[in-house]
Amino acid sequence: MKLPNILLTGTPGVGKTTLGKELASRSGLKYVNVGDLAREGHLYDGYDEEYGCPILDEDRVVDELEPQMTEGGVIVDYHGCDFFPERWFHIVFVLRTDNGILYKRLETRGYHEKKLQDNIQCEIFQVLYEEAMASYKEEIVHQLPSNEPEQLEDNINQISKWIEQWVKDHNP
């Protein structure tokens, strides 16, 4: 049976991981957090002193994910999307969170001031939405609000319905 590949993207703190794990649990699709994949496989290309974090080796991440993506049925969670091959995804969801809520979430994570401000600016200027629109066909890119717990359930239901329809349409 053919299964779709889904990308969940958005600024850190918008709820990609929470949504992705719950969606995978309910749908039976496989969940992949690119940050965890990189950490476990040491898929890095240096260290960013300014932000205090490793630099992702995008080519190695793509090589690592390629077999799973070809097979299908994968939910990918990452805050960037411009290095993934366009052919991988059947739909892309960009999660969006109001700035005040996002600020509190990132502050709770212990983000230092520059990292906090840069991520809030990223959300204000819709950087990741624009990146998704530039990287994929417009008709497969969708924005979802991610401010309150009720919206999480709404998003899961909406994506689950999309998955069901996709499976029906692609498995005669």
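Count begins at 1; order follows the chain as displayed.
Backbone N, Cα and C atoms are what each Cβ position is placed from, and that goes for glycine too.
Keep in mind it's a predicted model, so treat the numbers as computed, not measured.
Gly15 (ATP binding site) carries neither a helix nor a strand DSSP state and counts as coil. Feature annotation from Swiss-Prot assigns ATP binding site to Gly13, Gly15, Lys16, Thr17, Thr18, Arg109; the stated evidence is sequence analysis.
Note: the region 'NMPbind' (33-56) comprises 8 helix, 10 strand, 6 coil (DSSP; helix = H, G, I, strand = E, B). Annotation source Swiss-Prot lists region 'NMPbind' at 33-56, citing sequence analysis.
Across the region 'LID' (108-118), DSSP helix (H, G, I), strand (E, B) and coil residues number 7 helix, 0 strand, 4 coil. Swiss-Prot lists 108-118 with the feature region 'LID', giving sequence analysis as the kind of evidence.
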Q: Quick one: give me the count of other CB atoms within 10 A of the CB of Thr18 (ATP binding site).
A: 17
Q: Under 8 Å Cβ to Cβ from Thr17 (ATP binding site), same chain, six or more residues apart: give me those in sequence order, or none if nothing qualifies.
A: Asn33, Asp77
